[in-house]
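Undergrad: Swiss-Prot feature annotations, pasted as is:
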- 2-22: transmembrane segment (TRANSMEM)
- 39-59: transmembrane segment (TRANSMEM)
- 86-106: transmembrane segment (TRANSMEM)
- 112-132: transmembrane segment (TRANSMEM)
- 145-165: transmembrane segment (TRANSMEM)
- 182-202: transmembrane segment (TRANSMEM)
- 210-230: transmembrane segment (TRANSMEM)
- 244-264: transmembrane segment (TRANSMEM)
Amino acid sequence: MINILNAIILGIVQGITEFLPVSSSGHLLLFRHFIHLKLPIIFDIYLHFATVLVIIIYYRQRISELFSTFIRFSLRKTNKSDLTNLKLISLILIITIVTGVVGTFISKYERMFTLPFILINFIITGILILMLEFKFFKIDFKDNILLVGIFMGLMQGLGAFPGISRSGITIFSATVLGFNRKSAFEISFLSLIPIVFGAILLKHKEFYDIFMVLNFFEINLGALVAFVVGIFSINLFFKMLNNKKLYYFSIYLFALSITVCYFV
């Protein structure tokens, strides 16, 4: 059973790490490992839902623009100015489908999600961030929406592995394909929205179970904390982005992995 303190801490962990390229799922599992707390995966999805609300608020104007474009497209009243938004909508749709397929496959191997596996993935994420920060290589495929969507969907799907940062790997793949950082972050965060809502729809029956098995108050407290902390976290992330200091996250992940290996 989860208590109030655990709910608050898990909410803080989720709120901070969701928007930072350090893997929120990896940190949640790491924390639960040390306090010997076992929770159903649907609890993590509920926390992700709380932080997705932060994304919706942060990008509310952009989402409104995309929704308006989609309505005009449905009514066949689009114009040339809608072309960019239609491409983004198409890209997010392809990414969502591919991610869903990959994520469903990976979810069948949850027994692999051991502590050493998570730590190795932390290191991989740290390396990807360094490659992103210092622009190790770049190819220009951004105009081919289908290929970009498939590639980014595959990469985002790998983010289902705890320790592999979903935002980190999608931002990395977007920049490799020729997108600038601002566009890469936008695609990464907006593509998370349908993924989380899709996961909720697929596991909607399990939501009833967690409210029956776990404490209703503690579950919602954790989600509320994740939401509030997430508001501050997303602003911190974009501030560090503007200052071009993402490599700090690589240093953190390397240090965390080494420290945990040493003491465990």
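Easy rule for this one: first residue shown is 1, then count along the chain.
Just so it is clear, glycine is given a Cβ too, placed from its N, Cα and C backbone atoms.
Since the structure is predicted, the reported quantities are computational estimates derived from the model, not experimental observations.
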Undergrad: Six or more residues out from either end of the transmembrane segment (182-202), which same-chain residues have a Cβ under 8 Å from its Cβ atoms?
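TA: Non-local partners: 19, 45, 48-49, 52, 55-56, 58-59, 62-63, 66, 88, 91-93, 95-96, 99-100, 103, 152, 156, 166-167, 170-171, 174-175, 238, 241.
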Undergrad: Quickly jot the same-chain residues contacting the transmembrane segment (145-165) by Cβ under 8 Å, restricted to those at least six beyond its ends, or write none.
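TA: Same-chain contacts beyond the ends: 20-23, 25-26, 28-29, 87, 90-91, 93-103, 105-107, 113, 117-122, 124-125, 128-129, 172-174, 177, 187-188, 191, 195.
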Undergrad: Going along the chain, which residues at least six beyond the ends of the transmembrane segment (2-22) come within the CB cut-off of under 8 Å?
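TA: Long-range Cβ neighbours of the transmembrane segment (2-22): 28, 31-32, 35, 37, 39, 43-44, 47-48, 50-51, 54, 122, 125, 129, 165, 167-168, 171, 189, 214-215, 217-219, 221-230, 232-234, 236-237, 246, 249, 252-253.
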